[in-house]
């Protein structure tokens, strides 16, 4: 049984942490920025040193492939190199670097591959510079329209299309990932479950479905000192009442339901003026469609008028639950057990490229612990020992899949 080189993986993580390093031990490596290009260049350099073939597609996704003896579609690993502003050193990049360590271990031990192995770096997963998140994997799987994505603009007015041309990583549409035997994305959990449950490996069975609604409550502005309470049409008071009811009702749906009031806008937001409009969002996530429907029923049953105010409820967007390939999940769990690493099966509450790729390729994810559940911040940390254990499980899973797919091909 092969194991990855923990010290080498640590050194590689620390090297990539220099690209966009912040003062507080985090990174800012926005998609197609100078820092992202530096990380991309070094990644390609590392892959070429291993004899891997590099291809880039029209969305700047990078594919590094180690050939196999058989002419079969590859087993694909990877994630993304871009980060949010003042983000962590592990989010996304760990999935790319553990995949790199897997290939290094394969080469170091002269392991012969029947099936090609590919590492992918997806462009603009975070959506921190260009909206939306998971842009390039969304284009690959026809979730997003490429032409619209090219027009997405950053805060400086630069379009994604312009940044793409400037980056030097605008490749050929023919290089897009279209066919593979499997896709496995290793990622930090970005939540507290693994650490709390004292588990080393998360076997990710899917990504939660979710909905996001916007509620707009409209009243009338008046002087805060001269308008009697009985004569007010205050949308903020009504919003507080509505939110209290919403939160109470959502709490009865299911203990696994997670919900957030993430944005509240009060207009005109002046302390001497009664507001005339309040807008707030309610987002909820659950793996069962029925529970999401209950959330929608609660929100859509809000009164249209109350206390002299009007209430408008609008669905901003929704996403169905994505269920990962059960056989791949079993393979990951078996690999973890083989090393004696404790594991737990769970769903991801956050979005990942794997959820889109799963629509065209059998996919699954491996989670490793996030200390205190911290992510998308400079405090984000995953112990290097856990990073290495995740890499071990990824390696063992890939090698087991090699045997499985090679045997299936020989029988066909």
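Each position is counted from 1, following the chain as shown.
The backbone N, Cα and C atoms fix where each Cβ goes, glycine too.
Whatever TrEMBL says is automated annotation, not expert-curated.
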For the Zn(2+) 1 site that TrEMBL gives as 80, 187, the extra residue out of 71, 91 is 91
Around residue 126 (Zn(2+) 2 binding site), how many other C-beta atoms are within 10 angstroms of its C-beta?
21
Hey, does DSSP put residue 376 (Zn(2+) 2 binding site) in a helix, a strand, or just coil?
coil
Distance between residue 376 (Zn(2+) 2 binding site) and residue 91 (Zn(2+) 1 binding site) at the Cα atoms, whole Å?
7
At the Cα level, what's the spacing in Å between residue 126 (Zn(2+) 2 binding site) and residue 91 (Zn(2+) 1 binding site), rounded?
10
Please report the number of other Cβ atoms within 10 Å of the Cβ of residue 80 (Zn(2+) 1 binding site).
29
Among 187, 376 [binding-site residues], residue with fewest other Cβ within 10 Å:
376
